[in-house]
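Below is one structure, written out as structure tokens; the observations come after it.
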Amino acid sequence: MSTRPALSAPTTLRHARILGLGAYRPERVVTNEEIIQFIDSSDEWIRQRSGIVTRRFAREDETVVDMAEAASRQALERAGVETGQVDAVIMATVTHPFQTPAAAPVLADRLGMTDPAAYDISAACAGYCYAIAQANDMIRAGSADTVLVVGVEKLSDFTDKHDRGSAFIFGDGAGAAVVGVADRPGIGPTIWGSLGERADAITQRESWTDLRPAMEDPGRTKGVDWPAFTMQGQTVFRWAVFSMAPVARRAVEAAGITPADLDAFVPHQANMRITDAMVKALELPEHVPVARDIAETGNTSAASIPLAMSRMLEEGEAPHGGLALQIGFGAGLVYAAQVVEMP
Ligand SMILES: CC(C)(COP(=O)(O)OP(=O)(O)OC[C@H]1O[C@@H](n2cnc3c(N)ncnc32)[C@H](O)[C@@H]1OP(=O)(O)O)[C@@H](O)C(=O)NCCC(=O)NCCS
């Protein structure tokens with residue numbers, strides 16, 4: 001057998017941390033009164049069952065790339081990072097309405113970046129935590145020095161306003177994080193996984209190809225529904241409440257700390273009652289502030305964790321440099337949790 005030279009590979013691992021966070025909330029505030037024009041419900045029921053008081057909807061002409069750009073510019077400015085320094089862009093979204101190209105290269109071009117790696121990931125409400133895990137590993141192993149992570153959704157485009165089970169839940173927005181090289185570990189090990197046998201629990205109602213026969217029918221006689229997202233609320237609720245607290249606990253243990261060392265708990269903003277149940281199951285010490293951004297933002301899927309963390313930092317509820325436990329979970333079903341040092 002001929003001998004060949006060994007491939008070169010990095011032999012030392014580096015540390016990474018979040019250098020800056022950015023948030024974008026669309027202008028239009030949508031009240032429960034507006035939502036219940038289309039479903040048999042009430043402001044009281046929505047507040048009690050989900051904790052949602054208002055949510056934001058993007059303008060019709062406002063895209064996920066527009067929202068991601070606004071959040072990214074803020075994150076870059078706060079991180080003190082020039083766009084030219086970013087060498088990878090990961091966009092977590094399930095509402096970019098193009099099968100291809102991905103939104104990330106378009107965003108990178110908008111931001112004037114020079115030739116970064118750029119791609120989207122589809123991990124629904126766990127997307128941001130999945131992307132943070134990837135950014136951390138890329139930096140640790142040396143395939144990037146500075147990574148822009150964005151969680152962005154325009155869920156109003158994929159919500160059936162007549163669906164009683166989901167119309168009140170979702171909102172639009174974007175959150176971004178700049179992740180870079182650090183002199184100490186700033187992102188703990190990620191605990192993640194999936195449960196594909198429950199893919200039906202939250203799903204797009206029809207596939208894009210289901211629309212084709214109707215589109216090609218000249219008389220448009222075949223009924224067709226817009227492929228909005230639908231969910232089995234109780235199934236998701238039970239899974240989140242019973243299975244996610246142990247995942248969160250494992251992320252804290254993997255980081256080598258205890259819940260008492262946390263300065264913030266930032267769970268995916270799915271439902272206020274899920275957050276309450278997780279806090280209880282985790283036996284989180286009372287001094288740890290808990291993100292409750294859902295009240296004014298709704299469930300923004302991949303955007304919800306960076307939006308909620310940004311709010312806590314802006315309002316002084318959580319300290320810059322403190323440790324936060326973040327956990328995302330949703331359609332797939334998929335989940336991911338890690339402890340991060342807040343910027
Ligand atoms: C959607 C959700 C709020 C519904 O709450 P729930 O308590 O499970 O509601 P149920 O479906 O069991 O229905 C309870 C009752 O409320 C009624 N109801 C359901 N939707 C309603 C609505 N929009 N308005 C008023 N009443 C409603 C039902 O008819 C039922 O009435 P009944 O007791 O007389 O039969 C809840 O299941 C949930 O939050 N699930 C997780 C959602 C989530 O996080 N999704 C994103 C994951 S990333």
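Cβ coordinates are placed from backbone N, Cα and C, and glycine is handled just like the others.
Unlike curated records, TrEMBL annotations are generated automatically.
Taken from TrEMBL, the feature active site applies to Cys125 (among others). A simple way to gauge crowding: the CB of Cys125 (active site) has 33 other CB atoms within 10 angstroms, across all the protein chains here.
Taken from TrEMBL, the feature active site covers His268 (among others). Within the same chain, the residues at least 6 positions away from His268 (active site) whose Cβ sits under 8 Å from its Cβ are Cys125, Ala126, Asn299, Ser301, Ser304, Ile305, Ile327, Gly328, Phe329, Gly330, listed in sequence order.
Counting every protein chain shown, 24 other Cβ atoms lie within 10 Å of the Cβ of Asn299 (active site). If you look up TrEMBL, you'll see Asn299 (among others) marked as active site.
The feature domain 'Beta-ketoacyl-[acyl-carrier-protein] synthase III N-terminal' is assigned by TrEMBL to 119-194.
Helix, strand and coil content of the domain 'Beta-ketoacyl-[acyl-carrier-protein] synthase III C-terminal' (253-341), in residues and according to DSSP, is 34 helix, 22 strand, 33 coil. The domain 'Beta-ketoacyl-[acyl-carrier-protein] synthase III C-terminal' feature in TrEMBL is assigned to 253-341.
According to TrEMBL, the feature region 'ACP-binding' maps to 269-273.
Mapped onto DSSP helix, strand and coil, the domain 'Beta-ketoacyl-[acyl-carrier-protein] synthase III N-terminal' (119-194) counts 22 helix, 29 strand, 25 coil.
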